[in-house]
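Participant: Below is one structure. I have some questions about it.
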Amino acid sequence: MSYTLDSLGNPSSAYRRVTETRSSFSRVSGSPSSGFRSQSWSRGSPSTVSSSYKRSALAPRLTYSSAMLSSAESSLDFSQSSSLLDGGSGPGGDYKLSRSNEKEQIQGLNDRFAGYIEKVHYLEQQNKEIEAEIQALRQKQASHAQLGDAYDQEIRELRATLELVNHEKAQVQLDSDHLEEDIHRLKERFEEEARLRDDTEAAIRALRKDIEEASLVKVELDKKVQSLQDEVAFLRSNHEEEVADLLAQIQASHITVERKDYLKTDISSALKEIRSQLECHSDQNMAQAEEWFKCRYAKLTEAAQENKEAIRSAKEEIAEYRRQLQSKSIELESVRGTKESLERQLSDIEERHNHDLSSYQDTIQQLENELRGTKWEMARHLREYQDLLNVKMALDIEIAAYRKLLEGEETRFASTFAGSIGPLYTHRQPSITISSKFVEEIIEETKVEDEKSEM
């Protein structure tokens with residue numbers, strides 16, 4: 001379908017009117033050629049995004065098919081063809097004046113429709129840019145979900161490591177308790193050995209006292225034996241002297257008897273008798289003294305032997321106790337060293353565990369803060385998207401109003417000249433395809449994705 005020269009007029013004047021209409025539309029609607037395109041949808045800071053959003057608040061998400069433009073052009077052709085038919089059939093100057101007025105109105109509507117088409121083209125371009133931005137946001141949300149899964153995996157690994165460290169700590173604590181029990185048992189044995197040592201030392205002191213007493217008794221007995229031996233020697237020497245004196249006297253008396261022959265025979269026999277009696281008495285005293293001394297010496301020797309046996313056994317017991325005490329002391333020192341080593345290991349493990357736990361908590365807190373910031377950013381984008389949808393709905397209402405106005409003009413012209421002209425063509429309603437997605441659905445999908453990431 002084409003325009004006639006009568007309806008379109010001069011091409012230069014038509015182009016001038018379209019240009020003026022576009023410039024006036026740019027001044028009225030925010031200059032789509034300059035105002036809209038001068039602002040860019042940036043991914044900067046929240047202040048930059050909000051400012052750019054305020055400047056480009058008229059850029060909603062719209063998807064229109066090319067059928068709408070073809071339908072609009074067909075409706076324009078229909079209006080102009082109706083005006084041509086109207087101008088050719090009506091007689092009179094009033095009708096020409098009304099036709100010129102209607103022609104001017106149609107030209108104004110045509111100019112407005114041209115500006116509207118340009119605005120639609122611009123909105124389609126902005127719609128593509130916004131769709132690309134939404135796709136980028138969805139990819140970012142998917143990357144955040146994957147990052148959340150990675151964080152969850154790392155948190156699970158950290159929790160498993162923490163459980164392993166707690167298990168090792170419990171095992172070390174159990175070993176420490178066992179060592180404490182062993183140390184307590186060794187302390188009890190050490191105290192018992194110390195008591196036995198004290199008892200043994202007390203017995204040794206008592207035996208030493210007995211030994212000292214026995215030594216004193218032995219010294220006294222030795223002194224008595226020595227005195228008795230001296231006395232025996234003195235008595236023996238005295239007896240020998242007396243015997244010698246008596247023998248000398250006997251010899252002297254024997255000589256005298258020899259001289260006197262038979263006068264002194266009785267004296268020699270008496271002396272012999274006296275000598276025999278003295279020797280018998282001396283032998284008896286010597287035998288009794290030796291027997292008493294031997295008995296006493298045997299008793300003292302037996303007592304000393306018994307004391308020596310007791311002392312030797314006591315010394316052996318003391319040496320055995322000393323060896324046991326030394327071995328227990330060495331064992332106690334080794335156990336103390338093991339305890340100190342385990343305590344140091346336990347303190348190191350606790351310190352490392354506390355450090356790892358604090359680092360894990362810091363990491364978890366950092367991840368939670370990042371997740372919270374991501375959710376806030378997503379909520380901010382959803383709010384911006386809601387505002388864009390609101391602007392889009394307002395523009396849809398305005399577009400519907402323009403369409404109703406154009407359809408009303410077409411209907412009025414069609415009803416005016418339906419009887420005279422007849423139907424020239426079948427009018428098709430413009431097809432408009434609007435792809436939109438409600439914010440509630442996006443919020444619901446975001447909640448589902450958050451629940452999946454939390455699980």
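Including glycine, each Cβ sits where the backbone N, Cα and C put it.
If you look up Swiss-Prot, you'll see 1-13 marked as compositional bias 'Polar residues'. The annotation compositional bias 'Low complexity' is assigned in Swiss-Prot to 22-45. Positions annotated as domain 'IF rod' by Swiss-Prot: 102-413. Annotation comment: Swiss-Prot describes T48, T433 as O-linked glycosylation site, evidence class similarity to another entry. Under the heading phosphoserine, Swiss-Prot lists S31, S100, S227, S347, S420, S431, S453. Per Swiss-Prot, the feature phosphotyrosine maps to Y321; the stated evidence is similarity to another entry. Sequence annotations record features per position, and here Swiss-Prot assigns region 'Disordered' to 1-52, 80-102. Per Swiss-Prot, the feature region 'Head' maps to 2-105. Residues annotated as region 'Coil 1A' in Swiss-Prot: 106-137. Feature annotation from Swiss-Prot assigns region 'Linker 1' to 138-150. For 151-249, the entry in Swiss-Prot reads region 'Coil 1B'. If you look up Swiss-Prot, you'll see 250-266 marked as region 'Linker 12'. The region 'Coil 2A' feature in Swiss-Prot is assigned to 267-288. Taken from Swiss-Prot, the feature region 'Linker 2' covers 289-292. Taken from Swiss-Prot, the feature region 'Coil 2B' applies to 293-412. Annotation source Swiss-Prot lists region 'Tail' at 414-455.
Please situate the listed features within the shown structure.
Facilitator: Shown in sequence order, the list is empty: the chain has no residue 6+ apart in sequence with a C-beta less than 8 angstroms from the C-beta of S100 (phosphoserine). In the three-state DSSP assignment, the secondary structure recorded for S100 (phosphoserine) is helix.
Just so you know, the Cβ of S227 (phosphoserine) picks up 10 other Cβ atoms within 10 Å once every protein chain is counted.
Non-local contacts of Y321 (phosphotyrosine) by the CB criterion (under 8 A, 6+ apart in sequence, same chain) comprise E193, L196, R197, T200. Y321 (phosphotyrosine) falls within a helix when secondary structure is assigned with DSSP.
Every protein chain shown contributes to the tally, and the Cβ of S347 (phosphoserine) ends up with 10 other Cβ atoms within 10 Å. For the recorded site, S347 (phosphoserine), the DSSP three-state label reads helix.
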Participant: Which residues of the same chain, at least 6 past either end of the region 'Linker 2' (289-292), have a Cβ under 8 Å from a Cβ in it?
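Facilitator: Distal contacts: 228, 232.
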Participant: Run through the region 'Coil 1A' (106-137) and tell me, per DSSP, how many residues are helix, strand and coil.
Facilitator: 32 helix, 0 strand, 0 coil
Participant: Which whole number is the mean pLDDT over the region 'Head' (2-105)?
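Facilitator: Over the region 'Head' (2-105), the predicted model scores a mean pLDDT of 43.
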